[in-house]
Structures are given as C-alpha cells and as structure tokens.
Amino acid sequence: MIMQEPKTRRIVEVLIHIIGWGIVFAFPFLLMNRSGFTVSWVNYLRHGSAVPISFLIVFYINYCFFIPRFLFEGRIKQYVLLNLLLILCTAIGVHFWQDFIFHTYVKSTPPKRPGPPSWIFILRDVFSMVLTVGLAAAIRMSGRWVKVEAARREAEKSRTEAELKNLRNQLNPHFLLNTLNNIYALIAFDSDKAQAAVQELSRLLRHVLYDNQQNFVALGKEMDFIRNYIELMRIRLASNVTVETQIDVRADSRTEIAPLIFISLIENAFKHGISPTEPSFIRIHFSESPGQVCCEITNSYHPKSQADKSGSGIGLEQVRKRLELTYPGRYEWKQGVSDDRKEYKSILVIRL
C-alpha cells in the first residue's frame, strides 16, 4: 500500500498534465472554428500549433530542468538569465516558423495595407511565455511544498508517537510503584486484605501491559479499569475516609480515549487527599456527553510538608504532556484549592 501511493500519485499527475495540455492545444482550434472559419486538424497543426508547442517546450524545460537545478538550489541569477535566453530564442523561432509556413502554404493576395510590425507579435509571445514559466514554477513549487509538508507531518507523527510511548513506559513503573506501596502497607496489619489487593492488582496489570500499548481504548473498558483501581485503593483506607464514585458512562461505550489518561489524577487524590489523623473524603465523577468526556475529582485538602512532597507532581506532569500530544487544543484542565482551603478540585474535560 505504501509503495503504491507514490505510483498512484505519479499517474494522477501525468493525467492532469495530459488533460491540461490537451485543453491548451484544443482551445485555439475550437475558437477558430467558432469564429466563422472551418479549419481542419491537419491545417491547425501545420499553421496554428507553433505557439502551443512553444509553451509546452518552455514549460517542461523549466519544470524538469531549470526549476529543480537552479531555482530550488538558490541559483536565482542563472535561473532568470537562462529563462530570458530560452524565451527570446523560442519567441523569435516561433515568429520565423510562422512566417515560413505562411509564405510556403498560405496562398493569398497581397494585403492592401501593411500589418503590425513583427516585434509586436514577438513581444506578445514573450509575455505569454513568461506566464508559462510562472505557471511551471507555481506548479512545481506547490508540488514540492506538498511533499515537504507530508514529510514534516510524518516526522511530527513519528516524534509524537515516540514521545507518547516514552510517557506510557514511564507511567507503568510509576503506577506499579504506587500500587505496590499500598499492598506493602497492608501486609503488616491485614494479610487477607493484602491477598485480595494482589488479586486486584493482577487484573489491573493486564490492562496496563496490554491495553496501554494501544493509542486508544474503549471508554467503557477504561472505566472498568478505573473502578477496579478505586476498589484496590479502598482496601487500605481507614474508616474515617469516605470515597464516593459516580461513573455516568455506559458500560458498552465505544467512545475511544487514551489509556490511563485519568489514572494519575485519581492517584493524586488518594495520595494527597487523605490524612492519617483527620476525616477525609474523595469524590470521583466521570461523565460522557456527545463529543466529550469529563472527569471531576474532589478531595479533602491536607497541606503536605516538604518531605511528604518528594516525587509529587511527576504523574500530573506526565498527564499534561500526554494531553498536549494526544488532544492539543481539545482539552480543559482546571485544578486548585477552594477558597476555604478545605478541598482540592481537579476538572478535566476532553473534547473528542
């Protein structure tokens, strides 16, 4: 498929050139026949085709040689001088050819009065050939721009995919480390809960190892992963912590979303929204509407000491980078502490 694309593009380009030059050659013939004259194709090709042929010669000498060899290489002076020489020689040659054809094949009485001087016709042809050179340059440069732009987009796509893959690879150990820390804390005081947590973790890891390697996953499947993750986090919570979850997303939703794009927000709420001594809460709400997905997370605010902040923010920074790469200009992320300094809220809206 990749090999056929340039070939197909080349065929289309050749067909466009053939059709274009067919119109150039046919237009004067049709114009003469509509003006009251009856001109055969043989007579037209003999007497009237010199000018279109000269345009064709000037066009393709520029298109195939002058433009790539001189204009694209920045050799502007040589390009201009060669075109001036080409145009003048071609225009003068066309004039002498038409004069020869006229005196050789056309039988007519001498004109009653002399016609316009020859330089008028030569100047007319020179002007037309200058336009032909401009057309050749415009077509060739636009084609070059399309190729350069396609190469740039391909390079940008490759760079973006590499960055996203790198961020996903960074997210996996970050997610696993946080989860293992939770299980480690359970082992010391409740081995049964720790065993249940390991089982939950195995289900989560399947999603992380397989679905996370894809660029997008079904939103319903991602919500299942988030439910399982929240249940895993609940296992180690004390009785003074309240977790409320509301997911207004259809279980069979086929809307596609970047995998694990929300998980760091939830991790952040469990990490920083819970106090070991004070009552705490976490409220998580997901909603889907036509064309967008909204994640709203609110948790109790407990300011951390500098020691507790070590490593904080790495996951959120990864989220921001992934959003910029995957949904540039199509997301809104608001986060901050309430005026009464009692709760922290993060709202992420992604337009799909």
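Keep in mind that glycine also has a Cβ here, set from the backbone N, Cα and C atoms.
Predicted automatically and left uncurated, TrEMBL annotations should be read as such.
What TrEMBL says about this one:
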type     : residues : note
TRANSMEM : 12-31    : transmembrane segment
TRANSMEM : 51-72    : transmembrane segment
TRANSMEM : 79-98    : transmembrane segment
TRANSMEM : 118-139  : transmembrane segment
DOMAIN   : 162-239  : domain 'Signal transduction histidine kinase internal region'
Beyond the flanks of the transmembrane segment (51-72) by 6 or more, those residues with Cβ under 8 Å of it: 21, 24-25, 28, 78-79, 82-83, 86-87, 90-91, 93-94, 125, 128-129, 132-133, 135-137, 139-141, 144
Across the domain 'Signal transduction histidine kinase internal region' (162-239), average pLDDT on the 0 to 100 scale: 72
